[in-house]
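If you check TrEMBL, you get these features:
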DOMAIN    B:75-158  domain 'Acyl-CoA dehydrogenase/oxidase N-terminal'
DOMAIN    B:163-272  domain 'Acyl-CoA oxidase/dehydrogenase middle'
DOMAIN    B:282-451  domain 'Acyl-CoA dehydrogenase/oxidase C-terminal'
DOMAIN    B:467-594  domain 'Acetyl-CoA dehydrogenase-like C-terminal'
Protein chains: 2
Amino acid sequence: MPTYKAPVEDALFLLNDVFQIERYNNLPGFADATPETIEAILAESAKFTEHVLQPLNRVGDTEGCTRNADASVTTPKGFKEAFKAQGEGGWLGISMPEEFGGQGLPKVLSTIIGEFQVSANQAFSMYGGLTQGAVASLLVHANDDIKKTYVPKMIAGEWTGTMNLTEPHCGTDLGLLRTKAVKQADGSYKISGTKIFISAGEHDLADNIIHLVLARIEGAPAGVKGISLFVVPKFLPKADGSVGEHNGVTCGSIEEKMGIHGNSTCVMNYDDATGWLIGEENKGLPAMFVMMNEARLGVSVQGLALSEVAYQNAVTYAKERLQGRSISGVKNPDKPADPIIVHPDVRRTLLSIRAFNEAARAFVIWSALRADVARKGNDEKEKQAAEDHMNLMMPVLKGVLTDTGFANTVAAQQMFGGHGYIAEHGMEQFVRDSRIAMIYEGANGIQALDLVGRKLGQNGGRAVMTFFNDVGAFIKENAEDEAMKPYIAPLKASLGHLQQATMWFMQNAMAKPDNAGAGSNDYMHLFGLVAMAYMWAQMAKAAQKKLANGANGASDRLNAKLVTGKFFMERMLPETGAHLARITTGADTVMALPAEAF
Amino acid sequence: MPTYKAPVEDALFLLNDVFQIERYNNLPGFADATPETIEAILAESAKFTEHVLQPLNRVGDTEGCTRNADASVTTPKGFKEAFKAQGEGGWLGISMPEEFGGQGLPKVLSTIIGEFQVSANQAFSMYGGLTQGAVASLLVHANDDIKKTYVPKMIAGEWTGTMNLTEPHCGTDLGLLRTKAVKQADGSYKISGTKIFISAGEHDLADNIIHLVLARIEGAPAGVKGISLFVVPKFLPKADGSVGEHNGVTCGSIEEKMGIHGNSTCVMNYDDATGWLIGEENKGLPAMFVMMNEARLGVSVQGLALSEVAYQNAVTYAKERLQGRSISGVKNPDKPADPIIVHPDVRRTLLSIRAFNEAARAFVIWSALRADVARKGNDEKEKQAAEDHMNLMMPVLKGVLTDTGFANTVAAQQMFGGHGYIAEHGMEQFVRDSRIAMIYEGANGIQALDLVGRKLGQNGGRAVMTFFNDVGAFIKENAEDEAMKPYIAPLKASLGHLQQATMWFMQNAMAKPDNAGAGSNDYMHLFGLVAMAYMWAQMAKAAQKKLANGANGASDRLNAKLVTGKFFMERMLPETGAHLARITTGADTVMALPAEAF
């Protein structure tokens, strides 16, 4: 059975030593987030995720969700109690506004807790994650009545939320959606249509389920400019806030899928269901887009979280499994064999996963802090820079962290040999669960296209130029620091590759957009590597500083940081050259064949 | 529901135009394999695999195998009839000796048919594949009595075979195995112990199951030098060849696993089971090793086969699914959206898979022909070169084709968006099924270590030098051919990277073996890329020649070959530089941390 230990120390190192969270004390909510408070909350979250959520991960996979004859859905044993405990513990409201029952703490904190929850139990975490996403959307766009009716109960975990976008013929291309909304005399709408792949669409964890639904108001323009956003509760709320009659929305079936079996993925049928407009008519898509950056950050975290828990279990196995002898001489003479962690290829695998995990965690925390500034900042220039960061980096984070996170679960599974293929060790579940994150919230190919086709050129390339300047400045500042050389030189080379690739797009993709499309995936991964190298350089700097100051008993951990960062530079960063080479071959060969030739 | 069409034309192009099978006419069995005979057999195999095996693939996954209370195992509906048809059709005996009921045709033919079978139904194909492996082992090592008793029935598919190596504490490191054999007065042995992960260990497809079992004879030396090989039938054969009493071997349980659900993976309990020695006492491991190259070739083919069927289904979906518009202008003005195959990133993905598939198929066919020469050649020097090839290339083929084949099933699944995650489309089954090939028959980390630690230096590096010379000669021959430039220049550069990496090992791994271990995975993939580039250069040459000779109506297909080969050179081969960079960083960082730091 797999185990999990939340990486509290690593998160604290990032918050305190690398990103120095005390610098943000002038922002709302940050003053309350003292180092002691943060440590206490993370420690408590570690307990809850390790002892309550993680033990339910396997049963969630084996039992899955069941749709009953009356269209209700039963979740796996133990999920209901755990969800209640999660709500009562306040875990859904950490970064939610205090006026609706939240704790008003920084987004970065709920992001870190999100990682712990997903590592412990991805399928379970989605019920709360989608609820938080729906709340965020309501907070920005809904009127006060709707907010008051729904948000406090959702933050308390008494009600949950969903997002209803996809239809059978319409996934990425939302302009094709057909679900219709007909305005009623009382200002409400009747919603009809079919939505698919609705995570947490129906279940038995909460008293009500609040669906956010994209639909087309009768007579609205075709395409994406005729889409509106509605709130459609499963049970219509009564004036006193309790639940009333069942609305015209039911779960038609639940999907048989590769993983995340503990989460119910539903076909939802809307049949004259009563709903209320959120925001303006025909502005549903922009309303969704506002939330999309944070939703993408959440999915990025899933990539990291599964990579982390898979790593931890692979390490345990590699230390315990005795098989073969070290090629540099027997390490375990009293035993019939050495533990497999003596083998360089096993270490290479483990370090690859770890070097990604620690850089990805830094990238996530850095970006969550930027999200806090974007939402709460009081300096307009800083706010804009933070928004630029979110727009530019979210496709990179989502695409790279979920692609690599998935690949890492596969690599961790490989450490187990045949035992990794067997269900009881839980490694194959990590692979099946993590696979979804590459797909939902915009498939990774779409993330790459969003990056090169939209984000790169936005505002004259302001965001990417800022990133280049920031990294360049860091390189310059540390150019003379001998101890930083193993990190700075590779960072500089890889930044050069990224800049060349960016320049190549500028020169070759304007006239021929296929050149951007053909290089988009490589560019996204090249960008991700450079961003992670920048994270590693900053972590190395912080670790060296802390070591120089006495390390406070953490010198083993800090030395491991330095080695892992060096591994990243030596073994993972060389890929940037290959990405650049591929990008600059352009689209000619990629587009040469007629479709029939495939 | 997924579909499959066997790539008969591509196989014929490779056999006839690239590798010119008629050059082998002096070898036994090859004279019978006229181009017409080969084409007829492959066409017939295509029919059988497409219409009989493929339709059972999904039911195999959903039903799986069931162990009954009496320890018997029931296979999925339809498997029994299909297995009977396979035996009666002679599909297990294509390359088996005629004296035992086979057809005596070249190994290359059964290898190609093997690809078709696995693409259509991997779990099903394993019952026959393991039987063929067991037969091959018996043919080399067993005495005539045993051969006569078992082999004809196995080739006919009336009895099946298994390989029993792994024990709970002993996978890669067979020296640890404990299953014991006690010699009886009549020359037979009593075998006792537990074996795990035994594919096709128990089932209802055949009248008898013939287990080949590694065990330790009482008093044998410790470690790998005390292991012997035994044949242990489920039912003891009677003198008339019919089955007699049940032997002391039973299926203790079947494993819950990630994929290949249609194949029963058993824990086999041996309790004083009667067995007979195969080959010499304590020479069980060398006896197994003789068969290992061909078994590895078979597993390599699984990587290719799943990549191929996943590609075919991704192409169909990419042509049908309407979503979004081409960034270079609307392609489908009468429809609400363009098919997704207009998008460069979709094409990049499809071409990556295809460029691998066609090169991998060439690599497999080239190597199967070498296996034929190794077995049947009449020139000692040629035979030795063929054996060298098998020894050197099998870890490369096994490791690279299964790693990349799996990654390709994931990439193909990604083309389907959310629909790829849902079971009904069958794409997620390809991912789950193909995953095992990276693990069994020697996990890929072991393949890489076998390559750098053993094969590279064997006989003073004779095999690798021959490969370098062959590729070098091809480059030289074609250096002046303008049409070949897009293939020759990248091949030359990548060969240079491989030679530099090889040289680096020679200079750095003798004194410090960890340098080899730390670079082994990169080296294996670097080698695979160069070998596939060599395949592409030869395919391009053959295609150009055929086009120049009138193409015989195949010009579209041959032009597609040339484009796909160019794609390989531009987009996939640049990785060799990154592999070289990683290798030459050595083991210092990889080995720097104490085990406790993980």
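Note: Cβ is positioned from N, Cα and C throughout, glycine not excepted.
Any TrEMBL annotation is an automated prediction that lacks curation.
Averaged across the domain 'Acetyl-CoA dehydrogenase-like C-terminal' (B:467-594), the predicted model reaches a pLDDT of 97. Sorting each residue of the domain 'Acyl-CoA dehydrogenase/oxidase N-terminal' (B:75-158) by its DSSP state yields 60 helix, 0 strand, 24 coil. DSSP labels the residues of the domain 'Acetyl-CoA dehydrogenase-like C-terminal' (B:467-594) in these numbers: 103 helix, 0 strand, 25 coil. For the domain 'Acyl-CoA oxidase/dehydrogenase middle' (B:163-272), residue counts in helix, strand and coil come to 7 helix, 57 strand, 46 coil, using DSSP.
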